[in-house]
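Input: a single structure, listed below in structure tokens.
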């Protein structure tokens, strides 16, 4: 019975979204859907229960999403210019790393110095983290950088899913937080790896820096939920 209760709690991710679309989202106590983005069919088979902000806190609204103010337009322009600069100065070494990190398996390969089983971590991400990532992306629906600035030519294939938050940042930092607790001596290495993986998404031209910064924040909130609920993931 204890195992059943713990397993059920794993499927509960607490979300509070400070954005007008939240009302439509929160009316559905669970989220389960299948969408087609580009050529990919993405299935959300896990139910994500929406409770209150007191437990998880807030997931910030997308930066600069609905403002026409010059100041906020300047912030977007700076992010786009940063992406173009990073693309133009990307080394062959970094480009190879970017290509290796496209898949979850590639991300996990950056954490090879862990003693934990890669397949177990892969299952944790697919079951408990990815459905939430896709839910948030679908909710905010931020366009990719190259759709705002056609002079941005990404170094990898264009992504069919929305930009905010960076799924790679959430995945990699979640893994880093998880492994850092299990293996404190390697914690710094794990965080550094997560940082590199996340920044590489901006260098490749598919994410804004703000996608990455908030992705790290959200990863921390997701991990804190499991940690504070005293539900060991591994």
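For all residues, glycine too, the Cβ spot is worked out from N, Cα and C.
Please treat TrEMBL annotations as automatic predictions, because they have not gone through curation.
TrEMBL has this to say about the protein:
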- 5-22: transmembrane segment (TRANSMEM)
- 132-219: domain 'Phosphatidic acid phosphatase type 2/haloperoxidase' (DOMAIN)
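Secondary structure counts, DSSP: the domain 'Phosphatidic acid phosphatase type 2/haloperoxidase' (132-219) has 60 helix, 0 strand, 28 coil.
Summarised as a single figure, the pLDDT of the domain 'Phosphatidic acid phosphatase type 2/haloperoxidase' (132-219) averages 90.
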